[in-house]
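**Student:** Quick one: the structure is below, and I'll ask about it shortly.
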Amino acid sequence: RICASMGFWEPHTSSIDFCEPNYLLTHYIAEPHNAFSSLSISAFGLIGLLYGNPTNELRFIAMFCTFGAVGLGSFALHTTLGWFTQSLDEVPMLWVNLTYIYSLIEMETPKSEKRFRNLEWYFLIFAIVQTIIYYQMRVLYLFFVVTYSATAALVIIWAGTLALKKSVDSELDSMCRMLFLRSITLYVVIGCVVWLLDMRSCDLLLPLYLASPLGGATLHILWHVGAGAGAHMMCVLLTMCRSRALGRPVSIRWIAGCVPVAVASGPPH
């Protein structure tokens with residue numbers, strides 16, 4: 001990767017470097033385009049936290065908070081390209097998947113009850129152990145990729161079965177299917193493809209990035225926005241499926257005309 005100058009945070013210690021030329025625009029931020037586009041992920045998390053918890057449950061507060069933390073960690077990573085800031089990006093990504101899985105396990109449980117006693121504590125212990133293992137193996141980027149991909153695949157398959165589930169509310173079922181399809185399209189079809197293209201074809205694309213009027217901006221920006229939007233829609237899908245399981249009317253509200261959140265639309269059935 002190109003380093004335009006010896007930046008403030010050099011030498012960088014992250015186990016991965018991205019295609020955006022380092023310190024091309026400023027001495028203090030290694031990859032400014034990637035850094036600031038990361039904040040879109042935090043914006044999705046904040047919007048969900050403020051407006052998108054129709055059942056008022058702690059699980060969704062944890063989900064949106066860890067989701068927002070991914071964006072802040074990604075901002076720190078792209079600013080410094082340090083090993084510790086890399087962990088601030090990747091560890092919350094692992095945690096978000098755990099909040100998804102917890103929500104899926106407890107999806108049908110009546111409110112204020114638990115399907116499995118002390119399940120949240122088991123998940124907390126698992127998250128701590130997972131984090132310790134991550135730091136022990138932090139130089140092996142493949143460990144993170146495999147762990148994250150495996151849990152993400154589980155979430156996608158499980159959430160897909162919920163999205164296709166039929167209930168007495170056909171309109172709600174249709175909204176759930178729409179959210180799932182958009183989530184997969186944005187995260188997997190667009191986000192992951194763009195990430196792989198940007199990383200694997202950097203030598204080919206870099207001259208185009210440098211010649212563009214955007215000052216070295218790369219396709220990695222689309223990964224942040226696409227993956228962030230897709231993950232957010234997965235959060236919205238789970239909140240809507242939870243409302244459906246509790247028999248609570250729920251609908252979609254569009255924040256700023258483009259960001260969906262689930263909102264209660266009436267008293268419980």
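Just so it is clear, glycine is given a Cβ too, placed from its N, Cα and C backbone atoms.
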**Student:** TrEMBL has D17, E20, N22 binding Ca(2+). Which one of E31, E57 is in the same site?
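**Tutor:** Among the candidates, TrEMBL records only E31 at this Ca(2+) site.
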**Student:** Looking at TrEMBL, which one out of H27, H78 binds Zn(2+) in the same site as H220, H224?
**Tutor:** H78
**Student:** Per TrEMBL, which of 35-53, 225-243 is transmembrane segment?
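**Tutor:** Residues 35-53 are the ones TrEMBL records as transmembrane segment.
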**Student:** For H220 (Zn(2+) binding site), identify the closest of the binding-site residues D17, E20, N22, E31, judging by Cα separation.
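**Tutor:** Out of the listed candidates, the nearest Cα belongs to E20.
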**Student:** To the transmembrane segment (119-135), which of 35-53, 60-85, 141-164, 176-197 is linked by the most Cβ pairs under 8 Å?
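**Tutor:** Ranked by Cβ pairs under 8 Å, first place goes to 141-164.
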**Student:** If you count, for each of the binding-site residues D17, E20, E31, the other Cβ atoms lying within 10 Å of its Cβ, which residue has the minimum?
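**Tutor:** Selected from the binding-site residues D17, E20, E31 on minimum Cβ neighbours within 10 Å: D17.
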